Amino acid sequence: MGTQDLQGFLFLLFLPLLQPRGASAGSLHSPGLSECFQVNGADYRGHQNRTGPRGAGRPCLFWDQTQQHSYSSASDPQGRWGLGAHNFCRNPDGDVQPWCYVAETEEGIYWRYCDIPTCHMPGYLGCFVDSGAPPALSGPSGTSTKLTVQVCLRFCRMKGYQLAGVEAGYACFCGSESDLARGRLAPATDCDQICFGHPGQLCGGDGRLGVYEVSVGSCQGNWTAPQGVIYSPDFPDEYGPDRNCSWALGPPGAALELTFRLFELADPRDRLELRDAASGSLLRAFDGARPPPPGPLRLGTAALLLTFRSDARGHAQGFALTYRGLQDAAEDPAAPEGSAQTPAAPLDGANVSCSPRPGTPQAAMGARVFSTVTAVSVLLLLLLGLLRPLRRRSCLLAPGKGSPALGPSRGPRRSWAVWYRQPRGVPLPCSPGDPQVEGSAAGYRPLSASSQSSLRSLISAL
């Protein structure tokens, strides 16, 4: 059994101890069941470790074993991209969706996108077939060489429609919920065309519509559903300068719970205020220098007014927050175990948060899980140290997300790198003792005999 196989077996053995309690499948329209709040899934921190859902697709490589590529746990020491000693899908380079490195194939493919059903931002309704006769969305349409998701949302919002659909990277269609009743869902991976106006967003596909609710990124609104999501203006694009937006929250219940999933403001002059809708009193104030506290934020008011203002230079990703109404302002029995309850803050907007007290059942459970994870981590490190000398690697021809080429570029647009390391008993024309080449090749398995023969012929012809 190899190092990766043994690590995968031990991870699966202890995975039930690490999964969050209460996780269940359900409609992606519920914000509580969505694992992504950015359109490209850059904030995904879930546990899918194959390129397909529910065990389908190819297994991902561990990020602490991909040092030969551009992205590894070593290139993310602060954990900003979510890389580490695991093989979960991530999006460290701002690509259109999460991906992972996979074992090298004979075709030279060494990474793939991950199809993650729970990684679609709330407000995205799915990928739909558009045969054109009749169109999937029956309202106005248009095309633009600068199309982004928000450009289409804004167009349909101004036309008074509920839904907006992007197609083929440059086309925008508007429609209503009645159009979706006769619509036909397509696989999520069919909507794979990059938006002409933003390389980090997907705008449908060929004959495929990516459909959104136009409320995403709106500058105002009145929200009365029991739970939902509010995005900063122009989301998923960056918010612009001189924005002055407000949203009224009035879900059923005696209190409110907010959770900030994203928060990135440009500077202290870009400010988000939370006010009691009845009295107008300031409850909280956050800006680029004072972000909100982590975890749920509970407010003892049934109606809330959110206002956001940016200055003349404001440009940043913005924010995404989920809300839900609470029946009891003092305690909510349906709240997740261990969630922090934040009391009302003074009017200066200072952030105050409380953690579970030592000795409570939540703290005891956390200690047990921490001890188990620590023991497993130590065991994995010991096994890695024992098995590392047994690994052997082969060759790679790698464009794209790999390391820079070791040799001169063979064209203005793309460069290739050939990395050698002698596998078991198969001679290859590599330079012995070259630390750069050997360091780049760490992490690859031996190719088949036929592939080695073809690769030797290719190297001889270079």
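All positions are counted from 1 along the displayed chain.
Glycine too: its Cβ is placed from the backbone N, Cα and C atoms.
What TrEMBL says about a protein is an automatic prediction, not a curated fact.
Per TrEMBL, signal peptide is recorded for 1-25. Among the features that TrEMBL reports, domain 'Kringle' is placed at 35-119. Taken from TrEMBL, the feature disulfide bond covers Cys36-Cys119, Cys60-Cys100, Cys89-Cys114, Cys127-Cys191, Cys152-Cys172, Cys156-Cys174, Cys195-Cys203, Cys219-Cys245. Taken from TrEMBL, the feature domain 'WSC' applies to 121-215. Annotated domain 'CUB' per TrEMBL: 219-326, in sequence order. The feature region 'Disordered' is assigned by TrEMBL to 330-361, 427-447. Per TrEMBL, the feature transmembrane segment maps to 365-387.
In this structure, the disulfide-bonded residues under consideration are Cys174, Cys191, Cys195, Cys219, and the one with the smallest number of other Cβ atoms within 10 Å of its Cβ is Cys219.
The 10 Å shell around the Cβ of Cys127 (disulfide bond) contains 23 further Cβ atoms across the protein chains shown. Counting residue by residue with DSSP, the domain 'Kringle' (35-119) contains 6 helix, 10 strand, 69 coil.
Around the Cβ of Cys152 (disulfide bond), the same chain contributes Ala164, Gly165, Val166, Cys172, Cys203, Tyr212, each under 8 angstroms and 6 or more positions distant in sequence. Within 10 Å of the Cα of Cys100 (disulfide bond), the following disulfide-bonded residues from the list Cys36, Cys89, Cys114, Cys119, Cys174, Cys219 place their own Cα: Cys89, Cys114. Proximity to Cys60 (disulfide bond), defined by a C-alpha to C-alpha distance within 10 angstroms, is shown by the following disulfide-bonded residues from Cys89, Cys174, Cys219: Cys89. Put simply, Cys89 is the one of the disulfide-bonded residues Cys89, Cys127, Cys156, Cys195, Cys245 whose Cα lies nearest to the Cα of Cys36 (disulfide bond). Taking the Cα of Cys191 (disulfide bond) as the reference point, the closest of the disulfide-bonded residues Cys119, Cys156, Cys219 is Cys119. Looking at Cys36, Cys100, Cys156, Cys245, the disulfide-bonded residues in this record, the fewest other C-beta atoms within 10 angstroms of the C-beta turn up around Cys245.
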